[in-house]
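K.L.:
Would you mind keeping the following structure in view while I ask a few things?
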């Protein structure tokens, strides 16, 4: 490749090169976003995998929903010991809780168990066959597994690649025409059946299908691949390669049963966030004199959240209609989601530190928090994007999922530190009754602003010393008491904000997750409803607590503190401006007391 000719001077190329290097991480992220997952039409390719169990997918089915599984290639790198068993399992549950048989020891092999409540597909590559073992309740509670060579319900039974739509339509016709045949399946057929598979040089390929024909068969179905070793063989010496395609569909949507309402839910919540942002902008324009920089940052948050929800709804709409997202909409959603997450945690941390409310410069300790929170939040959002765009059965999926949980937990803990530090400063200021030697950042800011006003009135330093010396002791103690009361009131407000953040974290991270595990499969969308509702309530309450209005307890207390300083200075100095101190002389003696006399 020919070298590019240099353009411009070396001095001009330096900044351009540095700017280009700074853009490399963003370009890498965009390249990742440009390859989203295939939605509910899944394709997974594993090469030399050593895992004992691979979770291929989980999907909630309504009546007349179906799944088509096409194993294009499955090959083994067999060790010397042939005592190995591989196959698939199909589990059905009513919610997203953990299946009991999957929580066993790592050496536990479900394929070798005699009595199980799941459907098993056990492969025998040497004999080029697969055995289907169904539990006793398979006739009514579980659907029948159909192979393309068993019953010609998939249209072209001898071809491995089948159109999922035509397969579903043809199968539905077969079920309608042969309903009596399905209902009279003998016990032997429901117990165990064997089917031949295509073997091409040790790589087998086959296709199976099932249809949800009754209401009792509705549920959350999970498909797993298992590798069972004998005589405690090392797992790394026994690898497998798998190329599989899975198509899942409900009657009117490619979305899982619990995800079908999500597009409408996201659009509705986007409207409420947009409405709250509009109201907030109206408040800022109405109270311009009380607005700080942080208020405008808070205004950007609901609009960014609303845009993210709109693009998320569009993304789910295309997945629902065609089984995979449109890349452009997916990329836009991921970008807005990344911005929303970073902006949310930055805003929470800035409010906790009191930036713009009580101080305009962040301390070194505050800056360290932002140096931790911002990269962690970006990493958490990148992990979320990778999870959304990666198939569930890949090796990196579990790693990124665990990383997302850990990083998000660290972010939630880190944003609490600025609030705790502000509370500690206020406690120290309140404990000293407002004495100047231990004033917290709130009192310091009020005094600085009062001092700037004093300078604007052209008071000399000598006048300030005179005012301080002439201030009665009772006035000083009164001011100290008022300052302590102000600090206590601000301390109460920051404690409320701390509780508000903790409740937000609990509702969106813990309670919502427990709800997701507990509710039936068709109500899984309640998890997203609770998460979005809790976020909206958190936005509204935070805006109410720190609203730019004269009746805001936080801002009102700061204003009262400043007014107290100005009233003490301006009123006293205005009276004393034309006064002078004199001593009364009576019969040559000087009286100790003094009084004020007006200067003529």
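Cβ coordinates come from backbone N, Cα and C, glycine included.
Grabbed the feature section from Swiss-Prot, which reads as follows:
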- 1-39: signal peptide (SIGNAL)
- 40-263: topological domain 'Extracellular' (TOPO_DOM)
- 70: N-linked glycosylation site (CARBOHYD)
- 157-175: compositional bias 'Polar residues' (COMPBIAS)
- 157-185: region 'Disordered' (REGION)
- 169: N-linked glycosylation site (CARBOHYD)
- 211: N-linked glycosylation site (CARBOHYD)
- 285-293: topological domain 'Cytoplasmic' (TOPO_DOM)
- 315-337: topological domain 'Extracellular' (TOPO_DOM)
- 359-368: topological domain 'Cytoplasmic' (TOPO_DOM)
- 390-402: topological domain 'Extracellular' (TOPO_DOM)
- 424-498: topological domain 'Cytoplasmic' (TOPO_DOM)
- 520-524: topological domain 'Extracellular' (TOPO_DOM)
- 545-600: topological domain 'Cytoplasmic' (TOPO_DOM)
K.L.:
Please report the three-state DSSP label of residue 211 (N-linked glycosylation site).
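P.N.:
For residue 211 (N-linked glycosylation site) - judged by DSSP and reduced to three states - the answer is strand.
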K.L.:
When a 10 Å sphere is centred on the Cβ of residue 70 (N-linked glycosylation site), how many other Cβ atoms does it contain?
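P.N.:
Its Cβ shell of radius 10 Å holds 21 other Cβ atoms.
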K.L.:
How many Å separate the Cα atoms of residue 70 (N-linked glycosylation site) and residue 211 (N-linked glycosylation site)?
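P.N.:
Computed Cα spacing between residue 70 (N-linked glycosylation site) and residue 211 (N-linked glycosylation site) is 15 Å.
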K.L.:
Using a 10 Å cut-off, grab the number of neighbouring Cβ atoms around the Cβ of residue 211 (N-linked glycosylation site), all chains included.
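P.N.:
Around the Cβ of residue 211 (N-linked glycosylation site), 23 other Cβ atoms lie within 10 Å.
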K.L.:
Which bits of the chain, at least 6 residues beyond where the topological domain 'Extracellular' (520-524) starts or stops, bring a Cβ under 8 A of a Cβ in it?
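P.N.:
Counting only partners 6 or more residues beyond its ends, the topological domain 'Extracellular' (520-524) has Cβ contacts under 8 Å with 60, 62, 93-96, 218-220, 256-259.
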K.L.:
Under DSSP, the topological domain 'Extracellular' (390-402) has how many residues in helix, strand and coil?
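P.N.:
So the counts come to 8 helix, 0 strand, 5 coil.
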K.L.:
Would you kindly list the residues that approach the topological domain 'Extracellular' (390-402) from elsewhere in its chain, counting only those six or more residues past its ends and only Cβ-Cβ distances under 8 Å?
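P.N.:
37, 42-44, 46, 49, 51, 54-58, 225, 383.
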